[in-house]
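S.K.: Quick one: structure below, then a few questions.
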Amino acid sequence: MEIPDLPSWPTTVREAEAVQDRLRSCVDLTSPGPESVRTVAGLDVAYAEDRLAAAVVVLDVDRLEVVEEIVVRDRPSFPYVPGLFAFRELPALIEGLRRLSVTPDLLICDGHGLAHPKRFGLACHLGVLTGLPAIGVGKTRLVGAYDEPGADRGSWSNVTDGDEVVGRALRTQTGVRPIFVSVGHLTDLETACEVTLRLTPRYRLPESTRRADRLSRRALAAS
DNA sequence: GCGACAG
DNA sequence: ATCTTGTCGC
């Protein structure tokens with residue numbers, strides 16, 4: 001798919017925060033989201049020393065079968081700093097999306113969207129840069145407070161930061177810890193959770209994320 | 001000053 | 001994220 005070239009990449013925390021402040025106004029949470037989500041792209045990155053492998057796996061949501069997969073080798077573009085995580089792996093993920101021959105209906109990011117201190121997590125950033133609907137699915141909380149969801153699969157509770165609902169803690173399997181779903185771009189929280197549940201028929205994490213995780217690790221090991 | 005802190 | 005052994009549970 002077509003994605004504009006990335007601008008010069010920030011080097012310091014100060015510069016990265018300036019980019020977030022400038023781009024967060026581009027997040028669209030009011031336009032209607034995808035009419036129907038038939039395909040999703042799972043994105044994940046594996047690291048080793050100073051190398052990384054980014055994987056993009058497009059899945060057919062109904063059949064949970066792989067439609068296309070891409071791997072990109074690169075080097076971290078930024079150190080890991082809570083809140084600035086996107087600057088670390090975004091370049092490699094964008095390149096992976098560029099090489100895709102199909103355009104997924106929704107991006108499933110390994111991290112958060114609005115559930116971010118500045119309301120501009122990886123899912124928002126990726127959504128704005130690609131113009132595609134995007135959501136964030138994290139394994140642990142970054143910001144906000146939440147009550148423990150009910151014990152059954154499908155149970156959820158809102159994650160709130162101050163008086164804002166920034167996401168949901170969603171129990172995707174009975175007996176496992178909840179995952180954290182938040183909106184990134186051109187999607188609503190309801191849809192985000194519905195799709196996430198469709199992608200977790202058997203495991204805690206979305207099948208898209210699991211596939212991308214396996215692929216990125218395999219590619220890194222084989223390099 | 002003391003924690004908390006996506007991956 | 002990654003480093004790591006055994007261990008509890010289905």
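The backbone N, Cα and C atoms fix where each Cβ goes, and this holds for glycine too.
Taken from TrEMBL, the feature Mg(2+) binding site covers A:Asp44, A:Asp110. Residues or ranges marked as site 'Interaction with target DNA' in TrEMBL: A:Tyr80.
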S.K.: What does DSSP say about A:Tyr80 (site 'Interaction with target DNA'): helix, strand or coil?
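M.R.: The residue in question, A:Tyr80 (site 'Interaction with target DNA'), is coil (DSSP, three-state).
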S.K.: Using a 10 Å cut-off, grab the number of neighbouring Cβ atoms around the Cβ of A:Asp110 (Mg(2+) binding site), all chains included.
M.R.: 24
S.K.: Among the recorded positions A:Asp44, A:Tyr80, which residue has its Cβ surrounded by the fewest other Cβ atoms within 10 Å?
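M.R.: Least crowded of the recorded positions A:Asp44, A:Tyr80, by Cβ count within 10 Å, is A:Tyr80.
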S.K.: How far is it from A:Asp44 (Mg(2+) binding site) to A:Tyr80 (site 'Interaction with target DNA'), counting Cα to Cα, in Å?
M.R.: 15
S.K.: For A:Asp110 (Mg(2+) binding site) and A:Tyr80 (site 'Interaction with target DNA'), what Cα-Cα distance in Å is obtained after rounding to a whole number?
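M.R.: The separation of the Cα atoms works out to 14 Å.
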